[in-house]
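Here's the structure, in structure tokens; my notes come after.
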Amino acid sequence: MASSPLLATSLPQNQLSTTATARFRLPPPEKLAVLIDKSQSVDEVLQIHAAILRHNLLLHPRYPVLNLKLHRAYASHGKIRHSLALFHQTIDPDLFLFTAAINTASINGLKDQAFLLYVQLLSSEINPNEFTFSSLLKSCSTKSGKLIHTHVLKFGLGIDPYVATGLVDVYAKGGDVVSAQKVFDRMPERSLVSSTAMITCYAKQGNVEAARALFDSMCERDIVSWNVMIDGYAQHGFPNDALMLFQKLLAEGKPKPDEITVVAALSACSQIGALETGRWIHVFVKSSRIRLNVKVCTGLIDMYSKCGSLEEAVLVFNDTPRKDIVAWNAMIAGYAMHGYSQDALRLFNEMQGITGLQPTDITFIGTLQACAHAGLVNEGIRIFESMGQEYGIKPKIEHYGCLVSLLGRAGQLKRAYETIKNMNMDADSVLWSSVLGSCKLHGDFVLGKEIAEYLIGLNIKNSGIYVLLSNIYASVGDYEGVAKVRNLMKEKGIVKEPGISTIEIENKVHEFRAGDREHSKSKEIYTMLRKISERIKSHGYVPNTNTVLQDLEETEKEQSLQVHSERLAIAYGLISTKPGSPLKIFKNLRVCSDCHTVTKLISKITGRKIVMRDRNRFHHFTDGSCSCGDFW
């Protein structure tokens, strides 16, 4: 077989082996095979290879195993080109060598080479076996996997456990649940690997119930299957389930969690603001054999930032060895969401100046958010324009979202509107919602109504747009307009996303909704709410009832505001913690202007620092003021 130009490399030649073998007495072939397997370096393999070539043993029909052993040895020492060059220099390679070469190409990302080798195998009139297909499937996309699946069936290997597992994995990675399920259901024996691949498939599609059912039915579970299930919960909006499963893993004692487990659990903590649980995981990592590598450190930075403890995030960041771009991005985003815009921009510049790392599209999202939160219009526009001009990064919808938010919050509504119209891509509902929110903030109800009614005409299903339009109508007392929007939502089956606020007390996350009376301490919570209401009124509080969407009497509007979810969470925090201790509240939606005013007053009259994370950013309330400067 001719040598491939792509794989040309410096393998030993006969004429070069004299020196290498002058003091090397050749052992018998069986011993050579053992020596190849035990080789500690590529130099040892090259020396043995040279000796074998000198004695022409590679061509000996009794010793084909030497070729295979050399191929695998080069691959195991990272000399992939040596390994594949050896294959291409072999005359009439057999099935075992073809399979070894396909496997080497596949596991090293040389997908095209793997398929070329498979075609050569078929051209040599050699029938592939189960190991050939298992190796080749590692290089398959869903599309090519379907083609290879037909070959698998042609050669009668459809129910082989190794091949079936490979097929399930290919379909799972491509999100083809139906095909994966068909192969999985036909397997006479389901392996740990195939079951884990199927769980991955369910989890990727957000079907965590099916994933958990299969997970629970497994007789044996390794750490990979645990990780897939925990991460599946965390990535699809079930953070509490993720943490409960993590605790179950620890309680069972085996298998031991690894770095991937910890990162998934930290992600779950980030979503619900479970700071104490996140801190416990940090301590657990330090006391276990889990390495505090850059991935775990980045997970900790993200968790501490999103759970309201920026100081601890900074400490972890400073102690992180060999920071990669993901770690820098996490810290920049942390500064941005807490309103420390100048620190975010400083880090953006330090990252490039000190480390030489180039920013990615994710870096620019955090940096532009920092500009938006601080109203740094000129700086934000300069950074946005530099993406393409200096770094060759094409702006995505998220970057336009930051720019539109920046312009809108600064009151440049027409400019924000023009930016959306001039984009080279279709605007999504998040982008339009940003402009609508800015219209409400700056009182431009004409433009707001125009945009909202245009979007409703496009039949956009985002409930936030309808709610913003309702807010615009309510702000000017147009309750007929509010009722019209509400009826329209009913007709289209659009349900308003409920506001949910959480607070963590003694490692337990407590959840509240507006008007919630299901908490065990509900009586004490409402008593505290009444006390708060009396005290803030004595400090000049006047309810902003324009934020109430219902056409109610003024007293009823005030009562409606008093039981918003964030106020219930704050009240529970006040009765459950020591006087003067800080409170951390997490809300899934933007905090309304009235609750923002009330929280400032509560921080003043109680002498407490209150940290609140809403959909947009963090608010640090201290002594009657907020870190956002009432700009959010």
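Cβ atoms are placed via backbone N, Cα and C, with glycine included.
Over in Swiss-Prot, the protein carries these features:
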| type | residues | note |
| --- | --- | --- |
| REGION | 431-506 | region 'Type E motif' |
| REGION | 497-512 | region 'Required for function in RNA editing' |
| REGION | 507-537 | region 'Type E(+) motif' |
| REGION | 538-632 | region 'Type DYW motif' |
| REPEAT | 94-128 | repeat 'PPR 1' |
| REPEAT | 129-159 | repeat 'PPR 2' |
| REPEAT | 222-256 | repeat 'PPR 5' |
| REPEAT | 293-323 | repeat 'PPR 7' |
| REPEAT | 324-354 | repeat 'PPR 8' |
| REPEAT | 360-395 | repeat 'PPR 9' |
| REPEAT | 396-426 | repeat 'PPR 10' |
For a three-state summary based on DSSP, what are the helix, strand and coil counts in the repeat 'PPR 7' (293-323)?
23 helix, 0 strand, 8 coil
Summarise the region 'Type E(+) motif' (507-537) by DSSP state, stating how many residues are helix, strand and coil.
16 helix, 6 strand, 9 coil
Same-chain residue ranges lying at least 6 outside the repeat 'PPR 10' (396-426) that approach it to Cβ under 8 Å:
361, 364-365, 368-369, 371-372, 375-377, 380-381, 384, 387, 432, 434-435, 437-439, 441-442, 444, 447, 451, 631
Non-local residues, at least 6 beyond the ends, that sit with Cβ under 8 Å of the repeat 'PPR 8' (324-354)
294-295, 297-298, 301-302, 304-306, 310, 313-314, 317, 360, 362-363, 365-367, 369-371, 373-374, 376, 379, 613, 617-618, 620, 627-628
Residues of the same chain, at least six outside the repeat 'PPR 9' (360-395), with any C-beta under 8 angstroms of its C-beta?
325-326, 328-329, 332-333, 335-337, 339-342, 344-345, 348, 351, 402-403, 405-407, 409-410, 412, 617, 628, 631-632
In this predicted model, the region 'Type E motif' (431-506) has a mean pLDDT of 84
For the repeat 'PPR 2' (129-159), the DSSP helix/strand/coil residue counts are 23 helix, 0 strand, 8 coil
